[in-house]
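Note sheet for the following structure.
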Amino acid sequence: MTNLSDQTQQIVPFIRSLLMPTTGPASIPDDTLEKHTLRSETSTYNLTVGDTGSGLIVFFPGFPGSIVGAHYTLQGNGNYKFDQMLLTAQNLPASYNYCRLVSRSLTVRSSTLPGGVYALNGTINAVTFQGSLSELTDVSYNGLMSATANINDKIGNVLVGEGVTVLSLPTSYDLGYVRLGDPIPAIGLDPKMVATCDSSDRPRVYTITAADDYQFSSQYQPGGVTITLFSANIDAITSLSVGGELVFRTSVHGLVLGATIYLIGFDGTTVITRAVAANNGLTTGTDNLMPFNLVIPTNEITQPITSIKLEIVTSKSGGQAGDQMSWSARGSLAVTIHGGNYPGALRPVTLVAYERVATGSVVTVAGVSNFELIPNPELAKNLVTEYGRFDPGAMNYTKLILSERDRLGIKTVWPTREYTDFREYFMEVADLNSPLKIAGAFGFKDIIRAIRRIAVPVVSTLFPPAAPLAHAIGEGVDYLLGDEAQAASGTARAASGKARAASGRIRQLTLAADKGYEVVANLFQVPQNPVVDGILASPGVLRGAHNLDCVLREGATLFPVVITTVEDAMTPKALNSKMFAVIEGVREDLQPPSQRGSFIRTLSGHRVYGYAPDGVLPLETGRDYTVVPIDDVWDDSIMLSKDPIPPIVGNSGNLAIAYMDVFRPKVPIHVAMTGALNACGEIEKVSFRSTKLATAHRLGLRLAGPGAFDVNTGPNWATFIKRFPHNPRDWDRLPYLNLPYLPPNAGRQYHLAMAASEFKETPELESAVRAMEAAANVDPLFQSALSVFMWLEENGIVTDMANFALSDPNAHRMRNFLANAPQAGSKSQRAKYGTAGYGVEARGPTPEEAQREKDTRISKKMETMGIYFATPEWVALNGHRGPSPGQVKYWQNKREIPDPNEDYLDYVHAEKSRLASEEQILRAATSIYGAPGQAEPPQAFIDEVAKVYEINHGRGPNQEQMKDLLLTAMEMKHRNPRRALPKPKPKPNAPTQRPPGRLGRWIRTVSDEDLE
């Protein structure tokens, strides 16, 4: 949608940059077409906390320039004192003439402690005020929260260690470029002369009626009598000018006036002083004119200006004590703030106040500002600029999303941890083809679907060549989500009359419920077609419904990759894993934009696209290859992924590339391969096998390579890869439940693999992991230390324990706690927990809890069968029983939830019984019990299959019955007397330790001995 020449584009870069500025700048897709360059500018400040431990940071989140904000510290007298301005790292006016702000985010938090302080304390309040800074009436720590009633624009009592993030959201669109106040060529007699070109469009003008026949009267005093003629609130952080005039009349001879204008900052101090008149003598009986014509350049405004004041000093030539002085005045002034009314320049403002932070601590402000910039003539000689791309669909989509930001949970101020967690949701919003899985969890899915339906057709309206793409996307939405999307947009939900069940796309929807797939329920059908009651659709499949080239029928080999994403200096790393496919040729059109243009050369000089250009791949290949991320694999097709995956590093994909180069399969090989090859062609072990194992098993694939469950690797890769079969996965097989090739104890191993946390593999990190493993094997104390670390990470208290260690450097408190802690098996422990052991209550569930668990189990079982009305509450009302056949038939025919305890016998029809032949039963039993060529199944198993056919009136087993038969077959195989006896396992010398629920990121989750 955002690139009319590239129909594979899914991301709207502008809204992605708005919601996640750390992803970089993007051109604003409006109709302001000027050649520009994109630039991302950082801002980093370490602010020292004052004596009171409190302070205030004022941000101008929408200001189109280098100014970011200002910092104030709270003094002992209750007033704020200006500390410093916050700017971007580069002074933009020095190199650029014009600017447009694209996006901006700033993070405020503290992670340092001054000397003598052992705990990080203090809290933060933050609020976004839709007015200007001078309009705030209460800037105290608690008073800030009353500045707005919008809950999405304020947060309170956030720990200073967690921090807050300020997100700039636009208040207007289709804006022009702003002149930055850049210096212009000029020559003057004064070497300090400076000439700049400031922004003159959209000025903010304050008109002040200074006096309307104001009467002044006083007695003479030495030095004159000073009065404040007026004081008014204004807002300025850029250049300003003051114009106007005052007219004075007097009847006293020898009066002398002086006038001074003061520009006052937010903290009440005078920033700029200008003498307008000095020793002006007044003539009696006439109008005495005092003109005002001031220009204040930007470089003299060193802090935000919030008010202006005019003082008049009255004196008398040759005056004596007691002489009368009087005059009257009238007139007006106009204060013009250049560019002050540009949206975002002076309003809104975001205020972040911190309190009770240790004196001397450092509060860090870090963030990024993204701009569209037009360089000055000198820089333009060496900097390439280009036009922005006009995309009405992307612009309309962005406007519609942000117009509903309150309903969609898009805030301007966030706790930093919450903002980091929301990044995946923001990526869903920016991706037009995303299935909105996270948005559905928050209840935002219908809103975004309706917005997509409105925004996407704009492309086909304005650009006819893009109509097929918009039509295909719209049809995909109507096909899978039409009823719910229409309901969200105001259209009544009703049967659409489309025979959706007859479509071949239903075949792409798997019943893999354990992957947490979302439910696309109640797809209405016409009477002559089968009814599809709630298909469980995977995110990849939903993405495929909108994407035109998501399914690729081509030979490929697969390998898993462990990757990390690094956001910025203030954001931690986040782990992710992905399956990749190796396909032949240069196919960058199938890659996501984040991977295109990156490749690595092999030893033979060929290229492998999708790898980071880091050295040479230690392989000799006969052709070029491309690696692409995938979401799923079915039979002879792979489903491509358009997730923003970075280029690959490391050597764990060498085995898959080598297999592809030698055998050149015509269909995807349904085995995930992992393994690095050395110069001798031998397979070397790779790290992070547990995470790769989880990635493979999410797709129902085996993991082949060093350390896999069931593949014995030889020393030479050519011998190893010949063992790979072509074993397509059945359509109705669950991804990783009861897989026949898993050993009986694989469930625990897989659980550990799923819970593991790893990092991107690099040679340095692999060496460090091996060194830690070797040290743990020879040093029991080090092994115990690693166990403690794993326990801390498993329970999420690593940071808490680190802070506790700072407050207890000699471990006195910890020793006392451990000495007094109840031991396992002690009297107090048995009295509290029974005999179940330390920390586990020895009691069963109450009858009510057991009944609720039973209702939940029945409901989940019904859900796997497509019966979604049987919620736990409905099952409880139905006498804690599942739905009867009559209730199910009533729901299928009427589309209404049946009443509990009503059998609906009128809807039950007796089924015709038909008998299955012995040959049919034997063939089915042989197919289920083992592969062709093996011994025939025992008679007991044939009898079990015959019972199933009898129960089903001559039909074959359903999913649940097939699962039970597979389990029965596995049990009978283990009891087969002809089966070789397993080798006896040696008894351990030491008692086995309780395995942790989740291992640490530095320890391999599955050892080689466990995998044999």
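Every residue gets a Cβ built from N, Cα and C, even glycine.
Of the given residue ranges 213-222, 683-692, 743-752, 1003-1012, Swiss-Prot assigns the label region 'Interaction with VP1 protein' to 1003-1012. Ser652 (active site, nucleophile) is 44 Å away from Asp30 (divalent metal cation binding site) when you measure Cα to Cα. The two recorded residues Lys692 (active site) and Ser652 (active site, nucleophile) have their Cα atoms spaced 10 Å from each other. For the region 'Interaction with VP1 protein' (1003-1012), the predicted model reports an average pLDDT of 48. Around the Cβ of Lys692 (active site), 28 further Cβ atoms fall within 10 Å across all displayed protein chains. The 10 Å shell around the Cβ of Ser652 (active site, nucleophile) contains 24 further Cβ atoms across the protein chains shown.
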